[in-house]
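Structure first, then comments.
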Amino acid sequence: MAAGQREARPQVSLTFEDVAVLFTWDEWRKLAPSQRNLYRDVMLENYRNLVSLGLSFTKPKVISLLQQGEDPWEVEKDSSGVSSLGCKSTPKMTKSTQTQDSFQEQIRKRLKRDEPWNFISERSCIYEEKLKKQQDKNENLQIISVAHTKILTVDRSHKNVEFGQNFYLKSVFIKQQRFAKEKTPSKCEIQRNSFKQNSNLLNQSKIKTAEKRYKCSTCEKAFIHNSSLRKHQKNHTGEKLFKCKECLKAFSQSSALIQHQRTHTGEKPYICKECGKAFSHSASLCKHLRTHTVEKCYRCKECGKSFSRRSGLFIHQKIHAQENPHKYNPGRKASSYSTSLSGSQKIHLRKKSYLCNECGNTFKSSSSLRYHQRIHTGEKPFKCSECGRAFSQSASLIQHERIHTGEKPYRCNECGKGFTSISRLNRHRIIHTGEKLYNCNECGKALSSHSTLIIHERIHTGEKPCKCKVCGKAFRQSSALIQHQRMHTGERPYKCNECDKTFRCNSSLSNHQRIHTGEKPYRCLECGMSFGQSAALIQHQRIHTGEKPFKCNTCGKTFRQSSSLIAHQRIHTGEKPYECNACGKLFSQRSSLTNHYKIHIEEDSLKADLHV
């Protein structure tokens, strides 16, 4: 009879307000843009999860605003003409505002005790209290926290003006599942009314808690769901069922394939709302957001210094290791220094447990660590059979071999041009977008990437770190040094398929191939004249602008081209490098030698006529 009464008792239904995170206007306006973006993501995901559980309720106004990309606040005028906040206008929401005010008092108390505080709705706390009371009445209810916990952490990166202290926010959404036990402890009947769509839990009638009961026999890692275990086991078996149709690269998981396909399509769905920069992976966006928030969440417990990256903390800790070598003993596993990290940082370390002792970077697998360590050791086991060039990774060799085969699997959607690597395609796309986010502090020139900015700045500093060991000549870029070294070795790895002519660099081959194709992609906007090379277009545009950037230090004469300046300087130096093979006469310019040859040709033709 008691059991029947227990079954008839109404359930505590989960509503949106139970999991909603509410802010007052003062709290909201003090949040950084990156914090607001993450709050928006959390709230929308909470709403989607509730909808997927089959709960029926009208869409909250705050969700409609967030879906439209607006702030969860609307300033409206009431009948008295006084401004009020739109999403707090109803009596129900006004009550929620009062709850928030009392909640702020609790926050102030927590801050005085230097405790972290959580923005969780008051109704959620009341809901948990109800469940606790029912448990105390021996109703044998259990709450299972499963599947999704989302944490918004902005550790000491946002100053709260009102409270006068730094704080971090946690927005935690926990899906709460209720299971009613029967008298027999080995069986349980799942309450199906509230969670009809949660099919993966309905099929598991023996679950009592969210324990990880599916264990991998190879590495003993445990999982909550059997499907997660099966995905994980593919890492050991090497099974890769998901294949890219573009380049035939295979992956063990469909999510990895989807991410990879963005390299071909160029899709970048993760956009920074601060600067508009787009990324193909959410992890890349998270890293980028740190540049705006200046978040430094890795703190040294020895001296209190903070770092935005784990590798920075690790390198810093080596200073303390020299002072106290017995205290710090960095090893192969990242857990060897995890004692110096906070709880949230240790969560990241569980995912990346292999640590590089040289630079502090962490990796998910020992194989990834071995690949990385070749950067430090200089080991290059993968050699090209065509030209003998060696590489540290097989992927780099495959990419290099495309130079010899002519394969270009990465194609630009705008102009159809093909490329051997995704990095080259991304660099090319900037031509169409015109995006230049990096400015030089010296001359104000805008550049498309941080790496090109660093190389450009060396023009002003005069730094040339790449030095040739044969002749001692120095260069600003490593690529320029590699091309130069081919002059000494005689290596010409780039071959034209039309005429078999070989070249030292890929750009020279590309320019040469336009002779065969007749392609002239560089067009002057002033007169419409087209050119096969960008350098030729730049030189031509100086005719319209009148710019003459090359100046003779001796007489002050200026020139449009560097070659014209070099030829002119020979007037002052008296240098004559061009010699006639027929009579030995010397010339300062090649064009003068060419004209001189015509004299000998005419003489030869006259002699031939006389003999006839």
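Here the Cβ of each residue, glycine as well, is placed from N, Cα and C on the backbone.
So that you can see what the record holds, here are the features copied from Swiss-Prot:
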DOMAIN    14-85  domain 'KRAB'
REGION    76-102  region 'Disordered'
CROSSLNK  K150  SUMO2 cross-link
CROSSLNK  K175  SUMO2 cross-link
ZN_FING   214-236  zinc finger
ZN_FING   242-264  zinc finger
ZN_FING   270-292  zinc finger
ZN_FING   298-320  zinc finger
REGION    320-340  region 'Disordered'
ZN_FING   354-376  zinc finger
ZN_FING   382-404  zinc finger
ZN_FING   410-432  zinc finger
ZN_FING   438-460  zinc finger
ZN_FING   466-488  zinc finger
ZN_FING   494-516  zinc finger
ZN_FING   550-572  zinc finger
ZN_FING   578-600  zinc finger
Summary of DSSP states over the zinc finger (354-376), given as helix, strand and coil counts: 11 helix, 4 strand, 8 coil
The zinc finger (242-264): DSSP-derived helix, strand, coil residue counts: 11 helix, 4 strand, 8 coil
Three-state composition of the zinc finger (494-516), taking helix and strand from DSSP: 11 helix, 4 strand, 8 coil
Recorded stretch, among 214-236, 242-264, 466-488, 550-572, maximising Cβ pairs under 8 Å relative to the zinc finger (410-432): 242-264
Residue distribution over DSSP helix, strand and coil in the zinc finger (438-460): 11 helix, 4 strand, 8 coil
Cβ-Cβ under 8 Å with the zinc finger (578-600): same-chain residues at least 6 beyond its ends: 567, 570-571
Tertiary contacts of the zinc finger (382-404), as residues 6+ beyond its ends and Cβ separation under 8 Å: 371, 374-375, 420-421, 491, 493-495, 506
Local confidence of the prediction over the zinc finger (354-376), expressed as mean pLDDT: 78
Within the zinc finger (550-572), residues counted as helix, strand or coil by DSSP: 11 helix, 4 strand, 8 coil
